[in-house]
Amino acid sequence: MGFEIPEPYVWDESFKVFYENLDEEHKGLFQAIFNLSKSPADNGALKHLSKVIDEHFSHEEDMMKKASYSDFDNHKKAHVDFQASLGGLSSPVANDKVHWAKDWLVNHIKGTDFLYKGKL
């Protein structure tokens, strides 16, 4: 059972992980997925999403490594799996794939990222 996808699809305080840089990046991820949902045929929107995902995952993983975060391996695997699936997409992106990305981000933040609150 997952968390509810917000409508409109925007970051809100319920997604706060309490690391300002990560919260700002999460806002950017929401915006990138929202932009893709509005322009699924725009290859630039898909490339931008891939870029911000790569940058965010790198920053988040660096913070976890520096903190010797105990669940780093599982968390990184979730990132790798998402990136692999995202890399398989091409424009135009089907609505079900956009919905999948929205759902994944919501559930990843609230179900996985929340586990590192106060530990990084």
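Note: Cβ is positioned from N, Cα and C throughout, glycine not excepted.
Listed in Swiss-Prot:
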| type | residues | note |
| --- | --- | --- |
| BINDING | His26, His56, Glu60, Asp113 | Fe cation 1 binding site |
| BINDING | Glu60, His75, His79, His108, Asp113 | Fe cation 2 binding site |
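Mapped onto this structure are the features recorded in Swiss-Prot.
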residue: His26; record: Fe cation 1 binding site; DSSP class: helix
residue: His56; record: Fe cation 1 binding site; DSSP class: helix
residue: His75; record: Fe cation 2 binding site; DSSP class: helix
residue: His108; record: Fe cation 2 binding site; DSSP class: helix
residue: Asp113; record: Fe cation 1 binding site; DSSP class: helix
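Taking Cβ-Cβ distances under 8 Å and a sequence separation of 6 or more, the neighbours of His79 (Fe cation 2 binding site) in its chain are Phe57, Glu60, Glu61. Taking the mean position of the Cβ atoms of His26, His56, Glu60, Asp113 as the Fe cation 1 site, the remaining residues of that chain whose Cβ falls within 8 Å of it are Val17, Leu22, Glu25, Leu29, Phe57, His59, Ile109. Within 10 Å of the C-beta atom of His26 (Fe cation 1 binding site) sit 21 other C-beta atoms, taking all shown protein chains into account. Here the binding-site residues are Glu60, Asp113, and the one ringed by the most other CB atoms within 10 angstroms is Glu60.
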